[in-house]
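Taken from TrEMBL, the feature repeat 'PPR' applies to 9-43, 44-78, 79-113, 114-148, 149-183, 184-218, 219-253, 254-288, 289-323, 324-358, 359-391.
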Amino acid sequence: MRDKGIALNTITYSSAISACEKCGQWQVALRLFNEMREEGVTANAITYTAVISGCKKAGQWQTALQLLDYMQDEGVTVDTMVYTEVIGACKKAKQWQQAVQLLRDMQENSVPATPITYNEVISACAVCGIFKVTLQLMEEMRSKGLGVQTVTYSSVITSCEKAGQWQRALQLLEEMQRTGIPMDTITYSTAISACHKAGQWERAVQLVDDMQKKGVPANTITYNAAISACERGRQWQHALQLMHDMQEKGIPLNTITYSAAISACEKVKQWQMALQLLKEMQKKGIPADTIVYSAAVSACEKAGQWQMAMLLMASMQDKGIPADTITYNAVISACEKGGQWQRALQLMKDMQGKGVPADTITYSTAISACGKGGQWQRALQLMKDMQGKGV
């Protein structure tokens with residue numbers, strides 16, 4: 001446009017920057033902004049808001065803060081929307097302390113914070129598991145007469161989930177029910193995840209039931225968290241019942257679902273059920289990964305099914321699924337239990353050839369296999385190798 005003799009002014013630049021922001025081209029927007037400054041064209045609040053919004057979407061929190069400083073230095077009015085966008089950039093980059101500081105700056109500069117502003121700050125703290133600060137900010141919202149919403153509670157419950165505060169998460173759910181704030185799928189799923197991490201499988205299952213009674217739809221994430229809680233609590237039958245419920249309701253099962261269920265079976269030596277689930281996955285076209293196979297192999301190992309463990313390892317190789325140290329350790333342990341010392345040593349050799357690191361468990365199991373097979377010289381050699389490699 002400049003080449004054609006058309007003068008570029010604030011409106012022209014702002015429109016172009018806004019267009020770039022909407023298309024996710026934050027770098028182009030920033031380049032235009034810098035060009036604008038070099039050309040001596042004044043940037044207004046609309047210009048700054050567009051550039052900062054672009055930075056927020058890209059998680060460019062430092063650039064967003066710099067732009068905020070420019071605004072203040074140039075006397076451009078910094079309103080609630082601008083502060084909220086900068087806070088959003090900090091949230092995306094997990095800069096919770098900076099987000100809180102910006103809220104305090106707003107208060108010092110008499111810029112009103114809205115529920116959206118507070119929710120952004122609380123969310124920034126939540127993703128980092130800073131649950132005490134999220135609770136304080138929610139109380140602050142109440143004291144200022146700002147409506148505490150479902151999204152607020154969801155963020156605070158998320159902070160409790162990340163901090164291992166499952167009891168506090170459940171208290172917040174009860175508080176929502178008591179005060180008439182609607183509970184949604186995200187709220188429940190996060191609380192269930194908190195119970196899973198704390199090994200509270202009964203609470204997790206109870207929450208799924210509660211969702212059904214209240215008509216709150218559960219999704220794959222909800223059920224995966226509950227199934228994982230059952231897996232951790234060694235409740236394989238409950239895990240399978242939840243999978244059945246998912247299928248009846250048409251909720252998609254994924255790799256995580258099967259991985260948790262197979263692991264639940266593995267923990268209680270239900271190797272046949274673990275293999276049945278693996279077969280079911282394959283029929284449905286759900287991809288099985290290293291974690292899934294390792295759980296199935298471990299189930300076979302615990303039941304002394306070394307031949308099946310070896311077959312699963314071969315199946316992984318055929319499908320191009322990489323075996324890791326955990327997988328190899330499980331197969332080697334299965335061979336050790338089955339008196340297959342030669343196979344155990346061959347597996348160690350395979351690990352070395354594929355660059356899979358052998359750990360203390362690998363060596364200890366292989367040494368035990370050699371010991372049971374009367375191969376004391378090989379056992380001693382493994383001990384020397386172990387010491388030499390600093391394992």
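In case you wondered, yes, glycine gets a Cβ from its N, Cα and C as well.
Predicted automatically and left uncurated, TrEMBL annotations should be read as such.
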Integer mean pLDDT for the repeat 'PPR' (9-43): 74
Intrachain neighbours beyond the repeat 'PPR' (324-358), with Cβ under 8 angstroms and 6 or more residues off its ends: 290, 293-294, 297-298, 300-301, 304-307, 309-310, 312-313, 316, 365-366, 368-370, 372-373, 375, 378, 389, 391
Helix, strand and coil counts within the repeat 'PPR' (324-358) (DSSP): 27 helix, 0 strand, 8 coil
